[in-house]
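K.L.:
Quick one: this structure, given as structure tokens, is what I'll be asking you about.
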Amino acid sequence: MSNPFDLLGNDVEDADVVVLPPKEIVKSNTSSKKADVPPPSADPSKARKNRPRPSGNEGAIRDKTAGRRNNRSKDVTDSATTKKSNTRRATDRHSRTGKTDTKKKVNQGWGDDKKELSAEKEAQADAAAEIAEDAAEAEDAGKPKTAQLSLQDYLNQQANNQFNKVPEAKKVELDAERIETAEKEAYVPATKVKNVKSKQLKTKEYLEFDATFVESNTRKNFGDRNNNSRNNFNNRRGGRGARKGNNTANATNSANTVQKNRNIDVSNLPSLA
């Protein structure tokens, strides 16, 4: 069997010929899907420096150095007893303004020595005078005091007492004319006399009449009442021929609209005479 590939020539490879590797052609991906490629590492130089940092509770939560575990891992360099948190100067209560009070201000605020001495001397003198007055009053109180009065002076004193005074009678003037003129005396006389009209009271008028009451007839005539009611009903409707155009009954009844009930007994009605 003949080989048809012999017509193409010698297929033996030449050892001197350099065979180039095939070039891989990569097609550009236009898909919007995320590729399975790890994200690039953050560049700290490109980070925004003016970015506001969280504060408050959010800052405490994001602080990675805070926490009990991190604090326990740190070494305590100084003891809490050796270092004082509040270090103040020995002259903390002293004024550092450099201003001092004058002697006049000191004397006005705390008192002058000379004035204090004079005030003490005056107080001692007042105390000695009060002691002398108290001693004199005690001596006078020790001596008995007797009031001597004569009998006439005692009687006059009792008579002048307000409880022993005799009430004086009221003086009454007996001149009747003088009293009458004093009552009629008027500073401004009336120019016009007003006439007062007296109104008469209205009297009530009573109407008297005798009324007699009699028991009504207990027996009722139902037959007449039924007949009258039927007649009245026929008169109002115009009878059986009213629907057919017979208005003769209505014409006769319209002339006499008031009908007298003859079944009423007049003797049973009360009399107004």
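Placed from the backbone N, Cα and C atoms, the Cβ positions cover glycine too.
Per Swiss-Prot, the features are:
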| type | residues | note |
| --- | --- | --- |
| COMPBIAS | 60-77 | compositional bias 'Basic and acidic residues' |
| COMPBIAS | 89-104 | compositional bias 'Basic and acidic residues' |
| COMPBIAS | 111-124 | compositional bias 'Basic and acidic residues' |
| COMPBIAS | 224-236 | compositional bias 'Low complexity' |
| COMPBIAS | 244-257 | compositional bias 'Low complexity' |
| COMPBIAS | 258-273 | compositional bias 'Polar residues' |
| CROSSLNK | Lys46 | ubiquitin cross-link |
| CROSSLNK | Lys121 | ubiquitin cross-link |
| CROSSLNK | Lys171 | ubiquitin cross-link |
| CROSSLNK | Lys184 | ubiquitin cross-link |
| MOD_RES | Ser2 | N-acetylserine |
| MOD_RES | Ser32 | phosphoserine |
| MOD_RES | Ser41 | phosphoserine |
| MOD_RES | Ser45 | phosphoserine |
| MOD_RES | Ser55 | phosphoserine |
| MOD_RES | Ser55 | phosphoserine |
| MOD_RES | Ser73 | phosphoserine |
| MOD_RES | Ser118 | phosphoserine |
| MOD_RES | Thr181 | phosphothreonine |
| MOD_RES | Thr218 | phosphothreonine |
| MOD_RES | Ser229 | phosphoserine |
K.L.:
What number of additional C-beta atoms lies within 10 angstroms of the C-beta atom of Ser45 (phosphoserine)?
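P.N.:
Around the Cβ of Ser45 (phosphoserine), 5 other Cβ atoms lie within 10 Å.
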K.L.:
Give the residue from the modified residues Ser32, Ser73 that has the most other Cβ atoms within 10 Å of its Cβ, counting over every protein chain displayed.
P.N.:
Ser73
K.L.:
To see if you understand the setup: which same-chain residues, six or more apart in sequence, place their Cβ under 8 Å from that of Ser2 (N-acetylserine)?
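P.N.:
Long-range Cβ contacts: none.
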K.L.:
Within its own chain, what residues at least 6 apart in sequence put their Cβ under 8 Å from the Cβ of Ser55 (phosphoserine), listed in sequence order?
P.N.:
none
K.L.:
Would you mind checking how many other C-beta atoms are within 10 angstroms of the C-beta on Lys46 (ubiquitin cross-link)?
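P.N.:
A count of 6.
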K.L.:
Which one of these modified residues, Ser41, Ser118, has the sparsest Cβ neighbourhood, judged by other Cβ atoms within 10 angstroms?
P.N.:
Ser41
K.L.:
Based on Cβ atoms within 10 Å, give me the single least packed residue among the recorded sites Lys121, Lys171.
P.N.:
Lys171
K.L.:
So how many of the residues in the compositional bias 'Basic and acidic residues' (89-104) end up helix, strand or coil by DSSP?
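P.N.:
Reading the DSSP string over the compositional bias 'Basic and acidic residues' (89-104) gives 2 helix, 0 strand, 14 coil.
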K.L.:
Rounded to the nearest Å, what's the C-alpha distance separating Ser41 (phosphoserine) and Lys121 (ubiquitin cross-link)? Just drop the number here, would you?
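P.N.:
So the alpha carbons of Ser41 (phosphoserine) and Lys121 (ubiquitin cross-link) sit roughly 97 Å from each other.
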K.L.:
For Ser32 (phosphoserine) and Lys46 (ubiquitin cross-link), what Cα-Cα distance in Å is obtained after rounding to a whole number?
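P.N.:
Cα-Cα, rounded: 26 Å.
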K.L.:
Give me the Cα-Cα distance between Lys121 (ubiquitin cross-link) and Ser73 (phosphoserine), rounded to a whole Å.
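P.N.:
Pair distance, Cα basis, whole Å: 78 Å.
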K.L.:
Between Ser73 (phosphoserine) and Lys46 (ubiquitin cross-link), what is the CA-CA distance rounded to a whole number of Å?
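P.N.:
Their Cα atoms are separated by 33 Å.
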K.L.:
Lys46 (ubiquitin cross-link) to Lys171 (ubiquitin cross-link): how many Å between their Cα atoms?
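P.N.:
Pair distance, Cα basis, whole Å: 128 Å.
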K.L.:
Cα-Cα, whole number of Å: Ser118 (phosphoserine) versus Lys171 (ubiquitin cross-link)?
P.N.:
71
